[in-house]
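Asker: Next up is a structure, given as structure tokens.
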Amino acid sequence: MFPFFFALFFSSTDVLAASPSYNGLGLTPQMGWDNWNSFGCSVKEELLLGTAEKIVKLGLKDLGYNYIILDDCWSSGRSSNGSLLADDSKFPHGMKYVAEQLHNSQLKFGMYSSAGEYTCAGYAGSLGYEDMDAATFASWDVDYLKYDNCYNKGEFGTPEISYKRYKAMSDALNKTGRPIFYSLCNWGQDLTFYWGSAISNSWRMSGDVYPQFDRPDSRCPCSGDEYDCSYPGFHCSIMNILNKAAPMGQNAAPGGWNDLDMLEVGVGNMSDSEEVAHFSMWAIVKSPLIIGADIDDLKDSSLSVYSNPAVIAINQDVLGTPATRIWKYHVSDKDQYGEGEIQLWSGPLDNGDHVVALLNGGNNERSMNASWNDIFIDYLADSDELSNTWGLYDLWARRMSNATAASILSGNMTSAGLNYNVTQLNYTAGIARNDSRLFGDRVVELSKGESLTATVPGHGVALFRLRPE
């Protein structure tokens, strides 16, 4: 979240990135649900536990969505000894009870604070209280901390200053002895992608997302590839954030991930093609997959998007290499906001497979193609590492039907046996066993020197897994 009052200037210097997996957590991007984008400060015990129950019933937990993250506005301040207090009018049984209930459902409990005097909504922040607050979170059996950047008392302006402020909580969490996933939410300020992996498991890299595919907004002033944005803002569109993330993939790896912010699938009024593109692109760049929607008000088509194991398997691939944007071109069929571009993204996967996305940000459906040399741009044309023939699998071809999703949402059909269950067979093992649910449909064979061609809807994507044959 973005502060209400924020200094406008800072300078930056380079900081060397450290090795990933600083605490052994986050070897694949985190998945789960956070209440903020749909509920804001309207939080209470029933919301968290009711949502958790629904996530289990809908089969989302089985797919890997296992963190239930309580965002801002949960606190009633500090006790006489300085420790954080939960608001007992919202959480009458206390936070340890919430954690226990989630753990009983094989889910994990996430909480929120800010590296400032106050949180973004004006509640007690953790700046200067890091050791005490980390100990409190650990005593509540918390598994995850989202750590924001509001009211930071001007402690920013260079990577070193921001690093030290966020490292204080990192060290405090580690002192507790409890494994706690550490998620930075400092909006990419002070080049977080250079130093985030040294002290955390993920880091936001832009201003806050909102559910618009590419609508410009003055509150998100940086655009294009302006990854080093001095005023990150908020109300950033899907394409705005994706373009900022394009050069940052080289800084992500198992243990530390670029966080493009919560998923807006099921939030607002994006089209189905836009939601598919949003989910696909977050998945292939290895962003965390954190649902931001109201699970009780989820559309059938949105549940279908969230429930695609073939796409999730790309995100959870243990190689952990984000796809790279190979090219971007502006097109003439611009939308109502004057925006329109097409892109090719490509990247390697753990078992020798490859992922390719043709992204159509234009207003109209179009035929798009990618050359062999573009897809495999990181290999020499005659490389022995490359197979001469690849099977091409459409990762959305076996998407759950809207009718099935509607039946699951209504309770007329159980998700048991329909969804992939990562608790029984993880994605790596499923790929090794050629589980068809993780591949979609084989649509064509791609031979050396040929181009991949697909028809892509406006504001949509064609997403493929390539397998050497």
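Every residue number used here counts from 1 along the chain in the order it is shown.
Placement of Cβ uses the backbone N, Cα and C atoms for every residue, glycine included.
What Swiss-Prot records for 1-17 is signal peptide, and it gives sequence analysis as the kind of evidence. Annotation comment: Swiss-Prot describes Cys41-Cys73, Cys120-Cys150, Cys220-Cys236, Cys222-Cys229 as disulfide bond. The annotation substrate binding site is assigned in Swiss-Prot to Asp71, Asp72, Lys146, Arg204, Gln250. Annotated N-linked glycosylation site per Swiss-Prot: Asn81, Asn174, Asn269, Asn369, Asn402, Asn412, Asn421, Asn426, Asn434, in sequence order, evidence recorded as sequence analysis. The feature active site, proton donor is assigned by Swiss-Prot to Asp208.
So where do these features actually land, and what's packed around them?
Answerer: Under the DSSP three-state reduction, Cys73 (disulfide bond) is assigned to coil, being neither helix nor strand. The Cβ of Cys73 (disulfide bond) lies under 8 Å from the Cβ of Gly40, Cys41, Val43, Thr119, Ala121, Tyr123, each on the same chain and at least six residues away in sequence.
Take the CB of Arg204 (substrate binding site) and look out to 10 A: across all protein chains shown you find 30 other CB atoms.
DSSP assigns Asn81 (N-linked glycosylation site) to coil, not to a helix or a strand.
The secondary structure of Cys150 (disulfide bond), as reduced to three states from DSSP, is coil rather than helix or strand.
Sequence-distant neighbours of Asn174 (N-linked glycosylation site) (same chain, 6+ apart, CB under 8 A from its CB) are Asn23.
Look at Asp208 (active site, proton donor): DSSP puts it in coil.
Around Cys220 (disulfide bond), the same-chain residues at least 6 positions away in sequence with a Cβ under 8 Å from its Cβ are Gly207, Pro232, Gly233, Phe234, His235, Cys236, Ser237, Asn240.
The secondary structure of Cys222 (disulfide bond), as reduced to three states from DSSP, is coil rather than helix or strand.
Around Asn269 (N-linked glycosylation site), the same-chain residues at least 6 positions away in sequence with a Cβ under 8 Å from its Cβ are Pro211. Under DSSP, Asn269 (N-linked glycosylation site) is assigned to coil, being neither helix nor strand in the three-state scheme.
For Asn369 (N-linked glycosylation site), the number of other Cβ atoms no farther than 10 Å from its own Cβ, over all displayed protein chains, is 12. Asn369 (N-linked glycosylation site) falls within a strand segment according to DSSP.
Under 8 Å, Cβ to Cβ, and six or more positions away along its own chain, Asn402 (N-linked glycosylation site) finds Asp300, Ser301, Ser304. The secondary structure of Asn402 (N-linked glycosylation site), as reduced to three states from DSSP, is helical.
In the three-state DSSP scheme, Asn412 (N-linked glycosylation site) falls into the coil class. Around the Cβ of Asn412 (N-linked glycosylation site), the number of neighbouring Cβ atoms within 10 Å comes to 8.
Annotation for Asn421 (N-linked glycosylation site): same-chain Cβ neighbours under 8 Å, separated by at least 6 residues, are Asp62, Leu63.
Same-chain residues at least 6 positions away in sequence with a Cβ under 8 Å from that of Asn426 (N-linked glycosylation site) are, in sequence order, Gln316.
Within the same chain, no residue at least 6 positions away from Asn434 (N-linked glycosylation site) has a Cβ under 8 Å from its Cβ.
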Asker: When the Cα-Cα distance from Gln250 (substrate binding site) is computed for each of the recorded positions Cys150, Asp208, Cys229, Asn412, which gives the smallest value?
Answerer: Cys229
Asker: Find the one among the recorded positions Cys120, Cys150, Asp208 whose C-alpha lies closest to that of Cys222 (disulfide bond).
Answerer: Asp208
Asker: Indicate the candidate from Cys41, Cys150 with the smallest number of other Cβ atoms within 10 Å of its Cβ, considering only these disulfide-bonded residues.
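Answerer: Relative to the other disulfide-bonded residues in Cys41, Cys150, Cys41 has the fewest Cβ atoms within 10 Å.
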Asker: Under DSSP, is Cys236 (disulfide bond) part of a helix or a strand, or is it coil?
Answerer: strand
Asker: Highest CB neighbour count within 10 A among the disulfide-bonded residues Cys222, Cys229, Cys236?
Answerer: Cys236
Asker: Would you mind reading off the Cα separation of Cys229 (disulfide bond) from Arg204 (substrate binding site), to the nearest angstrom?
Answerer: 13
